Structures are given as structure tokens and as C-alpha cells.
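Here TrEMBL flags 12-34, 77-106, 113-134, 146-167, 188-211, 245-265 as transmembrane segment. Among the features that TrEMBL reports, domain 'ABC transmembrane type-1' is placed at 78-267.
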Amino acid sequence: MSSNPVRQGLSLGAKHLVYALVAFVFVLPLWWAIVSSLRPNAEVFADIFPFTAKALLPSPASLEAYTGVFERGFGMIIANTLIVALITMAAGLVVNGAAGFAFAMFDFKGKKYILTAIIISFMLPFEAIALPLYTVTQQLGWLDNIAALIVPSIANGLAVFLFYQFFSQVPKDYAEAARLDGVSWINILLRIYVPLSMPTCISAALLLFIFQWEAFLWPLLAMPSQQFKVIQVGMAAFQQQYQTIWNQLFAVAVITALIPIALLLPLQRYYVQGLAGAGIKG
């Protein structure tokens, strides 16, 4: 019996060691990118071959790379991406939330088939729809227009499914009682269901934001003149054909990674709840 606490302690210590090793593996690339971004360009790959512990320390440290990327207009690229991502996020919450509510509340012909098609749509690789989407965008005259980046990304199959899953779990007694009192469906959605679905709203908002933040192929196709660059396309531009300024490239990569992380960390509890479908069970 006395050995049980010892065994439990060893087991707990082993688990913590495994967790620490996994965290180290995931954090190490980001840490090395941060360190490399703080070094002069000539020192980025110093102490790598052969590897020494100095490779993980920014010595000598310098903000030269960060000032350099903003002098090359990276601040405007960040602003462009934030505008596109935030507009998509706001409009997407309205459209996808309303769609998920409609699928959860109403029965109509072909509902299951339409919902299945929506679920399948977010499993398709973007390359499968890139050509028809480009053709439609070209016919609408939206090439080199911010609308080409925003409008196709508003409707999102995964976001619709998250809202549908949550709203289906809310007892319909709430909606039926409100309807008996003469409340409109829009007010039922806004006053009853939206307050209950905040974790799902946060999850959907983060998904929409991250999808836009990470988009590369579509902005590259939809903006052929590249007068309006978003962050992934802008980051690729820092890798030049004949010469790459490595510390600036790492600085851009660090900024690109840290902004979504800064959004996700304080909201991760709600994000996980929304993805897990947590909420009221009917």
C-alpha cells in the first residue's frame, strides 16, 4: 500500500515529462524563429552547423529585422489582412449563424441533402474549386478587388455545421414559447439563441479569422496585380529569387504566427467548447 503513492508520483512525473517534451518539440521551431529574427542577417545560421546552445540565444540581439520589414511596407500588409479577416468574420457570423439556425429550426424538402452537401464542402481541398471560383470572380469583375477576398469566404461549411450542431441541442420549447408570445424568428435568434451560443460564436469567429489569415492561393489568384497584398502573399515576397534576407523573413514569420496565437490563447476555453459542441442538451 505504501508503494502506491510512490508509483502514483512516478507516473505523474513521467506524464509531466512527456508533456514537457511534447511542448518543447512544438515550441522549439517558434523559439528558433524568434531568436533568428533578433539576430543580424549574417549571424542567423551561426552555431547551427555544428549545433551549439548559442543557436537558441539571440546574441547579439537586434531589432534590425523588424524595423526593416515595416520599412518595406509590412505594416500595411498586416492592416490589409486584418481588414479582410475582420469583415469576413463579422459577415460570416451573421450568414453562417442564420443558416445553422434555419437548418436546426425548420423542416423542409431536401434539408438532409443540403446539409450533407454543406458538410462535404468544407472537406474539399480548395484546389478543387479554385478554377470555377476564379471564373465566376472574373465574370463579376471582382479581380483585384477586395470583394474577391471577402465574399467567397463568408459562407463556411464548418461554421454552418457548428451552429447547426449547437442550435439542434437547444430545446425547441424556448422557440415555441416565444412564438406563442408573438416574437419573430429573428428576435428569437438574437435574444435567445445567440446569447446561449457564445462559445460557438467565438469558435466560428476564430475559424473564419484564421482561414483568412492563412489564405495564400486564393489571394494570389484573385489579386493578380498584387497591389493589395495579404499577409501570406506578402511573406512569400520576402523570399526573393536571388537573395533572401533571412532575419527579415523570420521576423515576418514570427509576426504572422503570433497574432493568431494572441487571439486564441485568451479564448481557447470557449474555442474548445464550441468545437466540442458544448451547450444545453435537449
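Backbone N, Cα and C define each Cβ position, glycine as well.
Since this is a predicted model, take the numbers as computed values, not measurements.
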Ranked first among 77-106, 113-134, 146-167, 188-211, 245-265 for CB pairs under 8 angstroms with the transmembrane segment (12-34): 245-265
Cβ under 8 Å to the transmembrane segment (146-167), counting only same-chain residues 6 or more beyond its ends: which ones? 83-84, 87-88, 91-93, 95-97, 99-101, 103-105, 115, 118-123, 133, 137, 193, 197, 200, 203-204, 207-208, 211-212, 215, 218-219, 222-223, 228, 230, 274-275, 277, 279
Contacting positions for the transmembrane segment (77-106) when only residues 6+ beyond its ends and CB under 8 Å are counted: 114-115, 118, 146, 149-150, 153-156, 159-168, 170, 172, 175, 185, 189, 193-194, 197, 201, 204-205, 208-209, 211-213, 228-231, 234, 255, 259
How about long-range neighbours of the transmembrane segment (245-265): same chain, 6 or more residues beyond its ends, C-beta under 8 Å? 30, 33-34, 36-41, 44-45, 64-66, 68-69, 72, 74, 78, 206, 209-210, 213, 231-232, 234-235, 238-239, 271
